[in-house]
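TrEMBL has this to say about the protein:
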- 440: active site (ACT_SITE)
- 439, 444, 497: Zn(2+) binding site (BINDING)
């Protein structure tokens with residue numbers, strides 16, 4: 001029997017992401033702007049198929065061709081005739097919806113592979129009976145043959161994403177290992193290059209974005225062949241060219257409806273970036289984006305988050321378009337106004353904080369479009385350290401995502417005492433809203449990196465700044481082109497998420513913060529209690545995302561929450577309780593408890609000490625110290641006070657699968673834009689994707705197959721060898 005973590009259950013939760021009212025309130029110009037930005041985001045998001053696994057693009061095309069010819073309801077009759085039960089057909093629909101929602105056949109949250117929960121012969125029978133196969137049997141046969149084996153394969157290495165023998169990745173070719181990744185990064189640092197996305201193959205070949213040749217000489221010096229440490233490197237551009245061309249086309253159309261000059265220049269720089277493969281152009285676009293304060297239609301697009309790169313440097317494509325929720329944004333604006341009072345409350349010395357807090361935009365948004373592998377609850381961007389440190393950033397909280405993503409039924413609420421469940425359900429949403437606000441604004445937005453630039457200039461006084469952990473002057477820092485991601489590499493993402501989560505826990509104890517969000521008296525205390533309780537429960541749930549065989553974590557946020565659970569358990573004094581019990585069903589279960597009377601004392605002191613260490617190691621580029629601290633708390637074993645490996649089995653036994661979201665489409669009709677909404681079902685999700693790309697479906701599918709075919713030698717070992 002296949003382990004349940006490798007398929008999606010037939011009763012998986014599916015919710016429509018409601019943005020109807022927000023969209024209707026837009027002006028005709030704003031609707032046009034949102035429409036064309038959405039089109040750019042959706043086409044760019046298809047690059048994630050190629051960034052996820054060798055087979056994802058082919059599976060996507062297979063599904064698109066089937067559903068373009070027959071809707072889910074029409075295909076149901078074909079399925080019955082082909083010998084599928086209703087459960088088999090539902091499993092097929094769930095798989096298809098899952099592939100669309102994750103933009104690949106690996107879960108965006110946890111990076112675990114999922115396969116269809118029906119026998120392979122039944123799926124093949126359905127494919128062969130479909131109208132698409134009947135009309136184009138040779139092409140469909142070839143398509144099925146190209147992906148059917150990997151579609152179902154659960155060989156150890158293919159069960160999760162990872163580098164080398166730890167998993168599958170398309171950021172590096174099949175025979176690359178961690179040492180190769182480190183060498184590639186050293187080469188990039190030596191050339192002052194930054195990875196926009198790129199993939200690496202031996203002989204290590206780092207591919208940039210779109211143009212096959214330099215335009216007006218730009219980026220010309222980046223490309224070519226280079227010798228470095230007795231290895232040959234070739235740097236070229238051209239990845240995802242057909243997709244980036246579509247992105248640029250729609251960005252150009254959006255420019256005509258931009259609200260101001262900052263938006264127009266922002267889009268122009270994005271186009272330049274995706275045309276030339278220029279990171280500098282994307283950074284310049286991000287600068288204009290930061291300057292575009294309080295837009296009604298907010299967006300961001302590009303190769304952004306590095307969670308899925310096994311080395312933690314290259315960005316996965318995402319693009320979002322959203323509409324401001326004015327009422328909720330007022331609360332976040334008050335939090336921004338209070339930031340300069342709240343930042344000194346954090347537990348590190350003043351010298352470890354940015355010289356000036358650059359007040360960002362912080363808005364609550366209703367998502368219209370979020371293209372990529374998944375939808376977060378909040379975002380703090382851009383991710384360029386130099387811009388964030390000296391020029392600023394923006395925070396967004398995605399309100400309509402929060403509204404449906406974290407709604408929980410009491411009977412499905414695991415690992416809590418019965419007395420806690422009603423309180424948890426009542427305050428989970430409001431407490432998470434507070435946590436997201438603090439996490440994004442004062443978590444990711446705080447802290448200074450000590451840097452010595454290429455000219456030898458320091459951004460701190462190295463003769464006076466004292467390391468509070470050693471009592472000695474600071475003795476390490478970032479040099480030249482080194483960044484947080486390039487230095488801390490494989491732990492950078494999860495370490496930073498942990499730091500931001502700790503800031504949220506620490507500052508939610510502040511009554512001023514709670515008052516900003518409208519919580520006073522006992523309600524405020526309940527919000528604090530549920531926020532902390534939610535965090536320790538999430539730490540336990542995080543064990544689902546740990547792989548014992550490779551001793552590796554597959555999800556940055558969940559690893560961070562497990563680390564925090566370990567810190568609070570270590571604090572002792574009865575603050576957090578964790579015990580293994582037997583459930584009412586006679587199966588293994590667990591109970592986690594939190595003593596609310598000790599949160600402001602024992603809990604606060606524990607987070608104070610840990611958070612200070614996290615920041616000091618980050619500020620001083622102390623990779624060895626930071627890694628030792630973080631890896632220590634990340635360890636999952638069966639020894640000590642808690643048998644976390646056995647608890648992991650219990651978590652897997654009782655896990656609840658994350659919901660999938662159905663997003664609307666937009667369509668130009670004459671001089672206006674229509675919002676096309678779909679029901680919150682797997683069939684609705686499938687239909688939304690089929691209709692999303694119907695204008696140029698055949699050409700788009702041909703492009704995806706060609707891009708997949710071009711990369712195929714990287715996974716088969718052809719032309720890959722050490723130089």
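Backbone N, Cα and C define each Cβ position, glycine as well.
Curation does not apply to TrEMBL; its annotations are automatic.
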### Query
Cβ within 8 Å of the Zn(2+) site's Cβ centroid: which residues qualify beyond 439, 444, 497?
380, 440, 443, 496, 499, 500, 501, 503, 504
### Query
For residue 440 (active site), which residues of its chain lie six or more apart in sequence with Cβ-Cβ distance below 8 Å?
362, 378, 379, 380, 395, 396, 397, 500
### Query
When you tally the Cβ atoms that lie within 10 Å of each candidate's Cβ, which of the binding-site residues (439, 444) has the highest tally?
439
